[in-house]
Every structure is written in C-alpha cells, then in structure tokens.
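Student: I am attaching a structure below and will ask some questions about it afterwards.
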Amino acid sequence: MTTLEKPATAARSEPSELDRIGASLRGLWRRHPQRSLETLGRQVDLGRDALIQLIVSIARRRFPYREFIKQCAFMTSVSAAPTVLVAIPIAVVVSIQVGALVNQVGATTFIGAVAGLGIIRQGAPLVTSLMIAGAVGSAITADLGSRTIREEIDAMRVMGVDPVRRLVAPRLAAAVLVSMLLCGFIVFVGFATAYMFNVYAQSGTPGSFIGSFASFAVANDLVIAVLKAAVFGLLTAVIACDIGLHAHGGPGGVANAVNSAVVSSALMLFATNIVLTQLYNTLLPTKVV
C-alpha cells in the first residue's frame, strides 16, 4: 500500500495549470498595480508632510528662503527658453488650424476668440505641464537622486535635519510659483504670436481679432489657467521629490529615476488637466459678453 500511495501523493503535490496562472497573476499584481498604489500612497504622504512643513516653517519664521530663491532661479533658468521655443510654434499651429476652419464656415471674425481662448484655456496649461514635467521635474529628481546615492539625505537625518522641511518644502513652493509665472508668460507669448500671425500672415484685421476675443474671454479663463499651473507645479514637485529621495543603484539608478519622474509627472498632469477642464466647463460655462 505504501508503494502505491507514493505516486498518488506526488501527483497531488504537483501544481496544476490554474495554480500556475494564479501565481503568475499574483506576481504581476505585486510587480505593477500594487507597487503603483504603494508609490501613490507614499507620494500623497510626502505631499501632505511637505505642505505641513511649509506652513509651519513660514509661521515659525524658519522657512529656508535662500534655498527657495535659489530653486526659483534654477527652475526659471532651465524652463524659460524651452517655454518660448514651444509656445511660439503651438500658437502658430493653433492659428493655422483655426484659420482654415473658420474660413470654411465663413466665420473669420471669430478667429481671435477661438485662437485666444484655445491658447489660454488649453495651450498655456499644457505647455506649462510639459515644461514643468520635462525640465523642472527632471532637474529636481536628478538633484535629490544624486544626494540620495551619495548618502547626503541619510547624513541629514542623522544630524537631526528633516529633509522634507529643508529640501522638499522649498522646492515645492518654488515649483508652484515658477509654474504660475510660466503660465502667464506662455499666455502673453502665445496670444501675441497668434495675433501677429493672424494680422500679418493671414490678412486678418486687428480690430476683429481683439473684438471677438474680448466678446468671449473673461478674467476667470486666466485665473483658471494659472490655478491649473499651480496644481501642475505642486504635483510635479511631489512626484519628482519622492522619486529622487528613493533613487538607488548609483548613477544609472539616478538616470532611471529621472526617466520615471518625467513619465509619471506627464501622465499625472494630463489626467489632472482633463479633470480640471471638465470641472471648469461644467461649473463655469462660456458666455458671450
């Protein structure tokens, strides 16, 4: 009986195909969705702690203003020129597409409204998100990632210095401020480019362009665009700081962290832009003045 029971026991101990599929799915869950949710939760905690440290340090007059000003200057230097180089072509493309459309329907007098509002409501926030994610986010991740692999962050903790208050909070405030300034700058450059292209390249009239724009545009459009930029700067700073503080693997790990920060920030900002745009269109629909 013992000899006959061994093959049956061995057969029962072998995993079935369903067991293999289940193990594979569990491994896939642990590698991707579970890890993504853990990262998201960690970033939410970091953002909350950074905001608390920012408010507390300002209230106690211990905010590192020198680091804040340094980061503002650095972020502006790495994003100002690319912003102009991206804003001008986008404004030209919008003017070309809008001009072709309004000519087909015979509504050439509305080109100023369509082009201007398109740049303010969508063009400026999208360009801001790209510049913040690509230039500012990568710079933050590279800086903090390099400090992490050199064990500077661990040394700060040993000396009793909170890296969130000393490094993350000023970068978060700087990213929000620079994002808002970039958005306003993009609106100015984009609108001026669309105006000049319509007047000098499409034979439009200045009065028609400005008049149609003034009939549809309201102050809330610019306010919402700037608020979008502030949210984009906040999200990018939190994501970039979190990935930079958890970089590992030497210089190659820092490079991977930078790539991950740019991709994650871009995806998050595009999704956030969709949500904010839908909320704005639902709560504050466009009205002709």
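Start at 1 and count along the chain as shown; that gives each residue its number.
Keep in mind that glycine also has a Cβ here, set from the backbone N, Cα and C atoms.
TrEMBL annotations: computationally assigned, not manually curated.
Straight out of TrEMBL:
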TRANSMEM  72-94  transmembrane segment
TRANSMEM  100-120  transmembrane segment
TRANSMEM  172-197  transmembrane segment
TRANSMEM  222-245  transmembrane segment
TRANSMEM  257-280  transmembrane segment
Student: Using a threshold of three or more Cβ pairs below 8 Å, and leaving out pairs closer than 6 in sequence, do the transmembrane segment (172-197) and the transmembrane segment (72-94) count as in contact?
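Tutor: The answer is yes, given that the two segments have at least 3 Cβ pairs within the 8 Å cut-off.
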Student: Please report, as numbers and ranges, the same-chain residues at least 6 past the borders of the transmembrane segment (100-120) whose CB is under 8 Å from any CB of it.
Tutor: 90-91, 94, 186-187, 190-191, 194-195, 198, 202, 204, 208-213, 215-217, 221-222, 225, 286
